[in-house]
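K.L.:
When I checked Swiss-Prot for this same protein, it listed these features:
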BINDING   S101, D240, D242, D244  Mg(2+) binding site
ACT_SITE  S101  active site, phosphoserine intermediate
MOD_RES   S101  phosphoserine
Amino acid sequence: MGKYFGTDGVRGEANVELTPELAFKLGRFGGYVLSQHETDVPRVFVARDTRISGQMLEAALIAGLLSVGIHVYKLGVLATPGVAHLVKTEKASAGVMISASHNPAQDNGIKFFAGDGFKLDDALEAEIEALLDAEEDTLPRPSAQGLGDVVEYPEGLRKYQQFLVSTGTDLDGMKVALDTANGAAATSARQIFVDLGADLTVMAEKPDGLNINEGVGSTHPEKLQELVKETGSQIGLAFDGDSDRLIAVDENGVLVDGDRIMYIVGKYLADRGLLAKNTIVTTVMSNLGFHKALDREGIEKAVTAVGDRYVVEEMRKEGYNVGGEQSGHVILMDYNTTGDGQLTAVQLTKIMKETGKKLSELAAEVTIYPQKLVNIRVENSMKDKAMEVPAIAAIIEKMEAEMAGNGRILVRPSGTEPLLRVMAEAPTDAEVDYYVDTIADVVRAEIGS
């Protein structure tokens, strides 16, 4: 991560941290860096989610792009994975998404995609950051025919919808409930499932600029759980603000998280010989029950640090085609280059239809172990050295010995705060409490601040 770019682009409170001035510079300097790697005049797709600050940042960003001769195609409100898909299939130079994903409305972000549909690599982000930190803007200032222009491109939305529909199957007779989080999926999800023939109920589909993710969506699925039960739906599908995540709800109103979704999709592909290298890529936060279910099926797993960026890196490096996170980022590399909530939803309903199984039946193959996570404030200088403290290392070893393989402990530092995260999984809540509390007490005594 750099000074401005985190693991998912540049983020901050809109008009306070992520200002129009910064958006202009990101457009100008980002556009210039991209143009240095192009032989033709660059063509960049720009989209946003439904936040009230989106249009302000979009205008500033586009002005910056135009100032260095970039041709801009405005996609309007579109899901983040829609930008990635269109950049790759329409052979654009790059794409930019204005969104803060599952964050509240006051936040926003700017994320770049390269021409291959993947997020910019660290080297290109470093070039942009160097220009942002330069004392003077010495970039060329073209005029007249050297400036870029803007093309409204609303057909991009329909092309993305048609692509998603093409990956699915006829859902005639299936009752589906959608929660579009008052976000980007509000422009696309309904039509996708109408085209597939589902019997639909849709909630959180009226964005007003301020209600994105507010008590709805993948991070707040409680209302969808009730809606599924009230309507007798066979599945509920909850997206986040930019629709790169999916959390599902079974016909009984029970949540089906990213771990279970990855398992369902991965097993479906493995049974048909279509799971690349018979492996699913996941992070250290995936539940022990997920790991045990994969072991039972003979499916391999590759484990990365937390963050879909690291999952994608591992998938690209090794040629895997399924990966994701417990939070609902699921990457299906046969179809798209990034997590895509609506794509995952289409695949999940297809699997239900083709197997003839209820979602509860498919999900029941993964027994989710109770999990507890405690954040402990520690001295910042010690958070990366906790495992070097003899008492901490000893208590973790003791707890793991007591688990005897029927549980899991993960102790890791926060990437952004002076915190040590202590997580445990075990067959019962009482056991989880015991393991986490015992370790946490020792951590506080040894390095707590």
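Every residue number used here counts from 1 along the chain in the order it is shown.
Each Cβ is built from the backbone N, Cα and C atoms, and glycine gets one as well.
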K.L.:
For the Mg(2+) site (S101, D240, D242, D244), what does the 8 A shell look like? I mean other same-chain residues with CB within 8 A of the CB centroid.
P.N.:
D49, A79, T80, S99, H102, G183, A184, F239, G241, S243, R245, G339, G341
K.L.:
Suppose we draw a 10 Å sphere around the Cβ of D244 (Mg(2+) binding site). How many other Cβ atoms does it contain, all chains included?
P.N.:
33
K.L.:
Quick one: among the binding-site residues S101, D242, which has the most Cβ atoms sitting within 10 Å of its own Cβ?
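P.N.:
Result of the Cβ crowding comparison: D242.
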K.L.:
Report, as a single number, how many Cβ atoms besides its own are within 10 Å of the Cβ of D240 (Mg(2+) binding site).
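P.N.:
For D240 (Mg(2+) binding site), the 10 Å Cβ neighbour count is 34.
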